[in-house]
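Features reported for this protein in Swiss-Prot:
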{"type": "ACT_SITE", "residues": "Lys257", "note": "active site"}
{"type": "ACT_SITE", "residues": "Arg331", "note": "active site"}
{"type": "BINDING", "residues": "Lys245, Asp250, Asp268, Glu329", "note": "Mn(2+) 2 binding site"}
{"type": "BINDING", "residues": "Asp250, Asp327, Glu329", "note": "Mn(2+) 1 binding site"}
Amino acid sequence: MEILCHSAPLHEIKAEASLIFVINKEFSHEWIADSELFGSVGFEGKEGQTLFIPQSKTLYYALDSLTPDSIRESSAKALRALKKYPFSSFKVGIYTQESLECLEAMAAGFLLGDYNFETYKSQKSESKLTQILISLQTHLGRQIDSKSFETILARQSAIARAVNLARELVNTPPEDATPQKIAQAAQKVAQEHQLECRIEDEKFLEKEQMGAFLAVSRASIHRPRLIHLTHQSPKPKLKVALVGKGLTYDSGGLSLKPADFMVTMKADKGGGCAVIAILQAAKELGLELELHGIVGATENMIGGNAYKPDDVLRAKNGKTIEIRNTDAEGRLVLADCLVYAQELKPDYIIDLATLTGACVVGLGEYTSGVLGHSQELKHRFIECATQSGELTADLPFNRHLKKLIESKVADVCNVSSTRYGGSITAGLFLSEFIEESYKEKWLHLDIAGPAYVEKEWDVNPHGASGAGVRMVLQFLEQLTKES
């Protein structure tokens with residue numbers, strides 16, 4: 001989708017169709033030419049209501065407030081609606097107050113709303129829409145500088161490409177997204193964007209004594225891979241390590257999932273795919289930092305050599321783990337990868353994982369959990385997530401929940417002794433593999449809810465959303481500004 005800006009007023013721009021947002025039922029605005037028809041067709045200007053007028057080839061989209069979140073979502077949904085018509089282009093004006101936040105949100109909405117996963121469809125949906133023409137004259141008559149627009153568009157385009165890469169990788173079925181193939185996808189990103197890339201196999205994992213990671217992979221015919229991407233700016237202001245859970249398929253292992261719960265488990269690689277995508281965007285955006293992306297890619301399957309409940313595993317840092325449930329496998333892979341990441345001596349560590357169903361139960365499908373020991377760091381991250389348009393909530397650690405992962409036979413147990421607080425106890429488990437010097441510099445993001453939703457929502461299509469990409473990039477940008 002091509003987005004172009006024009007300095008001319010909206011009515012002077014030539015396009016095959018028009019998109020007009022109706023803000024807070026302001027039917028008298030000069031851009032609204034068909035208001036006399038609204039009453040006869042039942043258009044009241046309620047939030048989310050749409051009306052297409054064939055005579056003027058105009059889609060009206062109503063929203064109650066002019067906030068970035070509202071503009072972003074409305075732009076995505078309006079784009080999807082217009083793609084159903086036989087138009088190759090449409091024009092739209094800018095809706096913004098003094099700041100350019102809403103312009104950013106509009107660009108993001110169009111770019112993120114344009115994605116659709118149809119790789120395996122014999123009949124692809126047909127849309128002629130290829131061009132969006134945006135007037136730089138706002139709905140309040142203010143003129144936006146074209147350079148400001150181009151800067152915003154370039155940034156949002158890089159972010160959208162990354163989000164859509166993550167979506168595509170997560171949506172890809174497990175047979176076509178094995179650990180080896182995800183590693184190949186990472187190599188392709190590295191080659192196209194001049195990133196450093198290391199792909200390590202079982203021999204490396206054995207050498208590094210990553211016993212937890214290796215145990216999870218044992219029963220799969222698709223061998224594990226540790227993916228390590230690096231973006232190195234010429235004068236980095238800081239060093240950050242991202243760690244992603246890359247379970248390309250999770251059957252639950254011997255603690256087998258029920259059939260209904262096994263469907264969509266291709267999405268258990270959501271954290272790892274987000275990490276790969278973030279590295280791509282970091283390079284495109286020219287972020288002034290040294291950024292490491294580490295993905296533990298494997299399957300969790302059943303078989304004669306599968307790891308078992310009652311096993312005791314030894315992680316890379318020497319800690320022993322009692323296994324009581326093989327379906328709590330992602331944290332085992334992350335444990336070894338987090339230890340590996342700390343050896344790089346970064347300033348901050350952030351892990352992303354579709355880690356717990358408990359997080360979805362507690363927060364719903366659309367919100368990610370943010371966990372860590374530093375209240376200040378969590379607060380800063382949540383602010384950045386809000387600016388990016390992603391929903392997050394603080395899930396606080398406490399000493400009582402920590403007792404629930406104690407083991408009588410090992411240093412720690414891989415699951416809690418009760419069914420409650422599962423997303424927090426999972427985070428506390430990961431904390432066991434974070435050195436004391438990094439406790440205040442580490443964040444755990446549980447993206448299990450929004451990573452894959454089987455319906456359209458916000459700017460997202462059915463399926464993978466690319467959860468984590470936007471908010472982590474926003475946070476990395478903020479860190480570089482502060483450094």
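In case you wondered, yes, glycine gets a Cβ from its N, Cα and C as well.
In this structure, of the binding-site residues Asp250, Asp268, Asp327, Glu329, the smallest number of CB atoms within 10 A of the CB marks Asp327. Considering other CB atoms within 10 Å as the measure, the emptiest surroundings among the recorded positions Lys245, Lys257, Arg331 are those of Lys257. Each of Val216, Leu247, Ser251, Gly252, Gly253, Ser255, Lys257, Asp268, Asn300, Thr326, Ala328, Gly330 belongs to the same chain as Asp250, Asp327, Glu329, is absent from that list, and has a C-beta within 8 angstroms of the C-beta centroid marking the Mn(2+) 1 site. A Cβ within 8 Å of the Cβ centre of Lys245, Asp250, Asp268, Glu329, the residues given for Mn(2+) 2, is found for these other residues of the same chain: Val216, Leu247, Met265, Lys269, Asn300, Gly330, Val333, Ala353, Thr354. Nearest in space to Asp327 (Mn(2+) 1 binding site), taking C-alpha to C-alpha distance over the recorded positions Lys245, Lys257, Asp268, is Lys257. The recorded positions listed here (Lys245, Asp250, Lys257, Asp268) include Lys245 as those with a Cα within 10 A of the Cα of Arg331 (active site). Separating the Cα atoms of Lys257 (active site) and Asp250 (Mn(2+) 2 binding site) is a whole-number distance of 9 Å. Under the DSSP three-state reduction, Lys245 (Mn(2+) 2 binding site) is assigned to strand.
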